[in-house]
Structures are given as structure tokens and as C-alpha cells.
Amino acid sequence: MYVARLSTRPLSNPSTAQLSKAAAFFAQSYALPSTKCTAHVPSRRPFTSGAKIQVKGRDLFPEPXHGQIKRTEPAWPHPPYSVEQMRSKVYFAHRKPRDFSDRVALGMVRFLRWCTDFATGYKHNVEAPKTASDSNAVTATKPYQMSERKWLIRYVFLESVAGVPGMVAGMLRHLRSLRGLKRDNGWIETLLEEAYNERMHLLTFLKMYEPGLFMRTMILGAQGVFFNSFFLCYLFSPKTCHRFVGYLEEEAVLTYTLSIQDLENGHLPKWADPNFKAPDLAIEYWGMPEGHRSMRDLLYYIRADEAKHREVNHTLGNLKQDEDPNPFVSVYGKEVADKPGKGIESLRPLGWEREEVI
């Protein structure tokens, strides 16, 4: 067996000085404290070696400095949500499967949920929602094991893959429109906007938490597997894929409902601190008003987004994929009082039936 031969000669004074300068530069760049070497205690934190960077630390994506460009406006401005709408119209709801396609989609979501819970070490003190219309639809039955850090681990991982379905579906419909030499009837824009919105969720949480190397590797693998799997499935059955995303967003609404309840019940004291504010990126994107910029308010905004995605995908799963227009960007007559749109004024948790919108 080949073994590399190492030199045992002591370093010269110039070499020692160079190593000292390099170590000092590294410590200064990453804001490391200047202390003596101590025994390393292995971390028991699952899935990540990251650290919270809300107030102090290294910004993962600082604002670039350009000479003439002052700011870049979002490609899809976020529709306004009122506080009353987010708290009264958004709640956990489950659409019961009606055919084999729905059951396949629901089964895949439940399997994915189990895999994600196992990978992120997610454990909560609940069993099941009480009722579909209860915004606090949980019952505590187990010892509480979550924390702010564990919630951020879950948020970052989930949002890193949540933006995949909209991008894949929009890309495939775009390519089909090109090769078919026909219009898409407004689906592409809504799907790409959904992917953009999920990415903004991820960027918001990355302003509060920096994932470690292991988590980055897991995200890379999960994205590769999920992208290719969803790509192939959408080629064969786009209806099943939209139903899958609808059920996936049901789980997202439940996840954020649980975290909001934890915060309101005092289990997450760091986020309940009045000095803990939402990142500037989130305040600008959602247009969060003064007095409603806390972590609790941020979770309400994100949960409302997930509820909107749930409505959109359950609705798209009810339509004829090749010929029906997208009802969320369509213009209806004045005689139609209740109609879908980009906001949550007429939110339907289980989606719109085809007969209601076409």
C-alpha cells in the first residue's frame, strides 16, 4: 500500500509568519473570536452545521455595489394581503382523493413527508388536525422537541425544493407551446410566479440562518432527484402532478400553522422577542406595514402564500390540461361575483371546480 511521506522538519520562521497571517486573515473575515485552542466537542445537531445570522455574522447574499443601479424591482410584485385576510381566510384543509390519480398523488406526498421528517429530524408534539376549518388545527400529545433552529432547518430544506414544481411545469408547458406553435392560455406565467415566490421564501430564511456543508449536500441531492422525477411525471400526467403539489401545499400550510401556534404559545421565545424583526428583504417583498413586521407576521404571510399555491394547484388539477385557460389570470364578466384571482380575497382551500370557473 502506498503511503505518502511527510516531512518532519520544523517550519522556518518565514513560513511560520505566513501561516500566522493566513490564520489571522481567516479569523477576521469570518468574525471568529481570537481564543486559545480548546477541545472540540462534537455537535449533536442533525442535518446542519449552520449558525443563526439574524443580527451578527456573514450575509450569504449581500447587496451588490453597482455604480448606476440603485435597486432591482421584483419581476412579479407580490399581491397585497391584509392582516384580517391572512388570519381569517387561511387555515388547514384537506381535499379527499376522488380517483386513482388523486390517491397516487396523496400517497407520494405522504411518503415524501416521511422522508423529509426523517432527514431533518422533525418531531412535533401533535398527532392530527382537529377540524379542517380550525386555524390552530393541532392537538398536543407528545413532549415538545422543536426550537427556532430546528424550525429554520426545516424551512430552508423545504423551501429549497418547493420551487422546483412550478419551474418544471412552466418550462415543459413553455416548450410544448413552442413546438406545438400554439398558445398556452396563461398557465406558464402563474407557474413561474409560484416558483419565484417559493424562492423568495428560501432567501428570506437564509437571511436568518446559514446551512452547513452537510445540509447543502442534501439540498443538492434532493433537488436533483426531485427535479428529474417531477419532470418525467409531468410528461406523463400533468394532472396528477398538480394534484401532488396541491397536497404538498396542504402539508406546507399545516407546517406553518404549527410553527405559528408554537410561537403564540411561548415555545419560541427568540422569535417572540419584540426586537426580532423580519429581514428587510421580506419587508420589501411582501410590503409589510409598520407594526406588522415581526416573525409571527412573516409566518402569516408565508402561510398565506402556501395556501394560495394549494388553491392554484388543486384548481389546475381539476381542469383540462390541453385546452382550458388559467382562471387565475382570466378576466370574468361583471355577473360573476365570486371568481379566482391572484390575491386571497376569494381563497378556496380545496380549489375551484371546473364548472365554477370555465
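Glycine too: its Cβ is placed from the backbone N, Cα and C atoms.
Pulled from Swiss-Prot, these are the features on record:
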TRANSMEM  152-172  transmembrane segment
BINDING   E159, E198, H201, E306  Fe cation 1 binding site
BINDING   E198, E249, E306, H309  Fe cation 2 binding site
TRANSMEM  218-238  transmembrane segment
Cα-to-Cα gap, E198 (Fe cation 1 binding site) vs H309 (Fe cation 2 binding site), nearest whole Å: 10
Residues satisfying Cβ distance under 8 Å from E159 (Fe cation 1 binding site), sequence separation of at least 6: E198, R199, H201, L202, F205
Integer Å distance between the CA atoms belonging to E306 (Fe cation 1 binding site) and E249 (Fe cation 2 binding site): 6
Extra residues within 8 Å (Cβ to Cβ centroid of E198, E249, E306, H309), Fe cation 2: A162, E194, N197, V245, L248, A252, V253, D305, A307, K308, R310
Neighbouring C-beta atoms (10 Å sphere around the C-beta of H201 (Fe cation 1 binding site)): 25
Distant-in-sequence Cβ neighbours of H309 (Fe cation 2 binding site), under 8 Å, six or more positions away: E194, N197, E198, V245, E249, A252
For the Fe cation 1 site built from E159, E198, H201, E306, further residues of that chain with CB within 8 A of the site's CB center: L158, A162, G163, N197, R199, M200, L202, A252, I302, D305
Per DSSP, three-state class assigned to H309 (Fe cation 2 binding site): helix
Neighbouring C-beta atoms (10 Å sphere around the C-beta of E198 (Fe cation 1 binding site)): 24
Neighbour tally for E249 (Fe cation 2 binding site), based on other Cβ positions within 10 Å of its Cβ: 25
Neighbouring C-beta atoms (10 Å sphere around the C-beta of E306 (Fe cation 1 binding site)): 26
